[in-house]
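Read the structure below first, then the notes.
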Amino acid sequence: MAKIAKTHEDIEAQIREIQGKKAALDEAQGVGLDSTGYYDQEIYGGSDSRFAGYVTSIAATELEDDDDDYSSSTSLLGQKKPGYHAPVALLNDIPQSTEQYDPFAEHRPPKIADREDEYKKHRRTMIISPERLDPFADGGKTPDPKMNARTYMDVMREQHLTKEEREIRQQLAEKAKAGELKVVNGAAASQPPSKRKRRWDQTADQTPGATPKKLSSWDQAETPGHTPSLRWDETPGRAKGSETPGATPGSKIWDPTPSHTPAGAATPGRGDTPGHATPGHGGATSSARKNRWDETPKTERDTPGHGSGWAETPRTDRGGDSIGETPTPGASKRKSRWDETPASQMGGSTPVLTPGKTPIGTPAMNMATPTPGHIMSMTPEQLQAWRWEREIDERNRPLSDEELDAMFPEGYKVLPPPAGYVPIRTPARKLTATPTPLGGMTGFHMQTEDRTMKSVNDQPSGNLPFLKPDDIQYFDKLLVDVDESTLSPEEQKERKIMKLLLKIKNGTPPMRKAALRQITDKAREFGAGPLFNQILPLLMSPTLEDQERHLLVKVIDRILYKLDDLVRPYVHKILVVIEPLLIDEDYYARVEGREIISNLAKAAGLATMISTMRPDIDNMDEYVRNTTARAFAVVASALGIPSLLPFLKAVCKSKKSWQARHTGIKIVQQIAILMGCAILPHLRSLVEIIEHGLVDEQQKVRTISALAIAALAEAATPYGIESFDSVLKPLWKGIRQHRGKGLAAFLKAIGYLIPLMDAEYANYYTREVMLILIREFQSPDEEMKKIVLKVVKQCCGTDGVEANYIKTEILPPFFKHFWQHRMALDRRNYRQLVDTTVELANKVGAAEIISRIVDDLKDEAEQYRKMVMETIEKIMGNLGAADIDHKLEEQLIDGILYAFQEQTTEDSVMLNGFGTVVNALGKRVKPYLPQICGTVLWRLNNKSAKVRQQAADLISRTAVVMKTCQEEKLMGHLGVVLYEYLGEEYPEVLGSILGALKAIVNVIGMHKMTPPIKDLLPRLTPILKNRHEKVQENCIDLVGRIADRGAEYVSAREWMRICFELLELLKAHKKAIRRATVNTFGYIAKAIGPHDVLATLLNNLKVQERQNRVCTTVAIAIVAETCSPFTVLPALMNEYRVPELNVQNGVLKSLSFLFEYIGEMGKDYIYAVTPLLEDALMDRDLVHRQTASAVVQHMSLGVYGFGCEDSLNHLLNYVWPNVFETSPHVIQAVMGALEGLRVAIGPCRMLQYCLQGLFHPARKVRDVYWKIYNSIYIGSQDALIAHYPRIYNDDKNTYIRYDLDYIL
């Protein structure tokens, strides 16, 4: 529009032009009536579809219904719906928390299952086996055939079948891989199972009488690469066709009768987990589009195995489902989320394949309708799911004739079906899915809220601890209130054990203690079966915590002692649960496991242990073999190696299976690791048993044999080389023939044998083996590197190897291949490399090694610098700096200064290294001290607290060297700088500054110290209030040092002020702080006199806190020792008159420590304190008598031989009546006093007191007197001879020993 229209024609033309342009506009640019408006996308976001997030159709078949329902589906109108929310930029700024974030997760006690790796999770697939037969029961009678216990023969047969089955599976898998499996018969996929029992070695195509079904061209087109469905060719546990309810795989919808599929391995093997059928593996590829509404359901299944979903149409066969089956992840069939079982459906990880009567939780959890009693043991999610399921089942219930009559008017009748009509039995799904309906109403009714479930009690009644949701499946019977008198004896026993176990697992310590004592005392009464059937499933629980496991293991330990031989039928059960503890990462769990298996072996005996564990030795599962080997080693240590040797010999020479040989040799290895030098008497026998394994045809057996030899040699070090003569040759051949893991094991064995040899042999073997080691230096395998380093260290540590040989042959390739950045990253490699390098330095000298690595102190990788520094520190710590020349010394100081300044991590490697190097160089450091101090002062000003702390720590490491170099002026300057930094706010840094001041005070002395002590100490007094342990410890050490050496520089008033501050430090948790504090009281008392300090301390006896009072009594005793007892005793004895329990006990405690510390000086004070002790020993309060007995003990031991027997005899008359006390603390103190008196007044007097009660008619009296007599006898056996009472000769016997009457 160049110009404005003025005339009528121009205006008309302009209007026409605009209208033309408008008409030409693309229709799509307009806004439709039902479409959305244009919004600012950056404000409102832009979800295009108004139906986004909704499912727009329900698929007719499961195949169409994908799992990714939540992706943006195409809407009905193909348009998007705008979202209204905060601006995107703002949302991006808000940190989005991860889904289901649990704020309490880090404070929750960790579960054992959470930290297990894949290998250790095997333990949960183990089955707690049924009881075994005890051949030794009833004196070895023939067992009753009615007993269901499995014999050794049954177990071995089962093991054999499992092994055979696994081998056939492997062969089939290999054939399938190689494409050698051929179609034997076109109908192999749909062949019905044979009626008679099939033999293990008979394949499916040999079954007679199977009528083949012709495949239609449709089916053949759908199943390319058709393979026969052999019995072994199937993944166990899941029958084909059970994915869709009742569907027959590969069948068309018009097929009139469902065809059967072979019933897989209906019984999975011991280690097999039930899972889905492998897709396409058995020729059962389902048709492309199946309509599940038209399919004919199967009312009976050959193999149960479809987890019931709560929201599906009910089926008649719901009750027959496999209990607790867990679907295999990544299964062959994509399931619709509408048919999915809720995630929380019950199914514990505790194996559910348990045969026999071993309880495994509540089976009814997984059934469609639990009985009312089981409802209580569900978790809230399961309860909710069950409610929904029940409601849907109730609605879909078929109507009865009576209900139909009530609904329809009269005149209707039921039509008979036409002749020959075969119904499609889809409505069969709508038959009741609830075998035990819980009495629901029929027809229409007002839906009142169901309150019954809300009142379900999820906590046991009575005095029982809180029940966690995880425990409900084990303790559900306690939730049901029953009259126990109506129960059978077995049920009563079961409830009793349940209650005790719940108290032990979840109760308070007193409750736990009582329950543990009760279950131990009644163990034989309860019986082994009921006890283990409840304890062992608890130990297999996937939600068990460390503390709970510890307590349950303690229960087993206690009851094993009581049950003794009754435990035999349950040995395998216990081992299945306890063996995994032997490979636990927690050391204490491993020790507990060993303890249990050791006690079990002693209770059950060797024969039972061997017959029980023998089948597991050649188990196909490596996990079982590994844990069995470790358990056997524990049995050997418990019952002695000789008793197990014949068995081990047989196992290691087994011809049938290499697994048995492998496990037998592993047992020998584990025995060596477990028992150490205790194997020496049996070393030759053990070596002979396993030597043939070094030339076995199986690679794994050869490897474990070499590792076992290495373990035996390590345990025998430095003895026993002659026992290994027979294995040297095969080992020697082995290291030339093997590569990889085998070679690593053989090298390890040689490495442990060389240190046992004489020097000349060691030298020869080292030179020979070194060629192979140097070749393996460049191996990329981490395990090989560790072993090579270890062997180099062992070879170079032996006497026969010369330094020259190491310098020329080993060091160049060693540094080339090992001193690399990668080695510093792995902790185990790092440690091994440092140790090996230090060992090489011990042979060739410090300078040779340090000169090769000193430049690496300036490397850019910090972890590598740390490795270099640690090596230098250890070498110089061992060898000093004598052979380090001036040039190397400069490089070293320069390097460590650089490394120290560049460090960023918070460990002490650099600090320790710096300190060690500087101290090793000694006076040679003087030229570098200004540079070092400059660096330290600069870093004390750094804004980073960590840097300041390291600088202060470095001063305390180098103070001694500064003194050696006579740099007192420099130290004085440092002291002033540190004094100025006492206002530091970070406690870690303040602690280091105090430590540095303490180091300077120690070396420079009190009189030369700057700042002067009179200025320094008042500055320290307020710091004593700091509650940080590091600050407290360093501060009290510094104050104590000043009080000891420079007390005269500070006024008495300041020391008293410090005394009051010190009382607070007696509350410290750390023992070192309390010890330093009580010692400081002694120094202060020495400086300013005992009276003021003593007054402060005596007042502190009145406090409530026990730890505080005990420390105060120790301080009083130290003051007495420092300032002579006569300055303290009058005030102390006067304080005893205060009629307060704590004060009197404190005084007695002080006297106890006082007499312990002053020893023989006590002879001057014994008569003074006797009246006080008389009173205390007659007091009603037990603690008074206990403490007074302790005083008598220390006093009598101190004054032995100083002629104070009269007073001590007087005190003995007061101590003696307390011998009948039952309190363990009191009786311990009384026995201690009697021991002390035995030394001081002689065993004769004690024997005279003792003889009165040795033959007393009352047993309790005799017990006490014999206990006292035994202790006198142990202490003074020879001295008693002269004091036994005279018994005169009679007609038959001569009792008098005349030679004892001779007097010269």
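Cβ atoms are placed via backbone N, Cα and C, with glycine included.
Cross-referencing Thr313, Thr358 with Swiss-Prot, the residue annotated as phosphothreonine turns out to be Thr313.
The candidates are Ser259, Ser308, Ser344; Swiss-Prot tags Ser344 with the feature phosphoserine. Looking up Thr207, Thr508 in Swiss-Prot for phosphothreonine, the annotated residue turns out to be Thr207. For the ranges 71-74, 547-550, 1027-1030, the feature annotated in Swiss-Prot as region 'Interaction with PHF5A' maps to 547-550.
Of the candidate ranges 564-620, 678-734, 963-1019, 1248-1304, Swiss-Prot annotates residues 1248-1304 with the feature region 'Interaction with SF3B3 and SF3B5'. For the annotation phosphoserine, the record in Swiss-Prot points to Ser400 among the listed residues Ser97, Ser400. Swiss-Prot records phosphothreonine for one of Thr248, Thr371, namely Thr248. With the fewest other Cβ atoms inside 10 Å of its Cβ, the least crowded of the recorded sites Tyr587, Tyr1049 in this structure is Tyr587. Within its own chain, the repeat 'HEAT 9' (1052-1090) is flanked in space by residues 1017-1018, 1021, 1024-1025, 1029, 1032-1033, 1036-1037, 1039-1040, 1043-1044, 1096-1097, 1100, 1105, 1107-1108, 1111-1112, 1114-1115, 1118-1123, 1127-1128, which lie at least six positions past its ends and keep a Cβ under 8 Å from the stretch. Of all Cβ atoms in the shown protein chains, 27 besides its own fall within 10 Å of the Cβ of Cys1035 (site 'Interaction with RNA'). Working note on the recorded positions Lys413, Lys554: by count of other C-beta atoms within 10 Å of each C-beta, Lys554 ranks first. Nearest in space to Lys413 (SUMO2 cross-link), taking C-alpha to C-alpha distance over the recorded positions Lys562, Tyr587, Tyr1049, Leu1141, is Lys562. The Cβ neighbour count for Leu1141 (site 'Interaction with RNA'), using a 10 Å radius over every protein chain in view, is 12. When each of the recorded positions Pro469, Lys562 is scored by how many other Cβ atoms sit within 10 Å of its Cβ, Pro469 comes out lowest. Residue counts for the region 'Disordered' (100-119) by DSSP state, with H, G and I taken as helix and E and B as strand, are 7 helix, 1 strand, 12 coil. Comparing C-alpha positions, Tyr587 (site 'Interaction with RNA') sits nearest to Lys562 among the recorded positions Lys562, Cys1035, Tyr1049. The CA atom of Leu1141 (site 'Interaction with RNA') is located 39 Å away from the CA atom of Lys554 (N6-acetyllysine).
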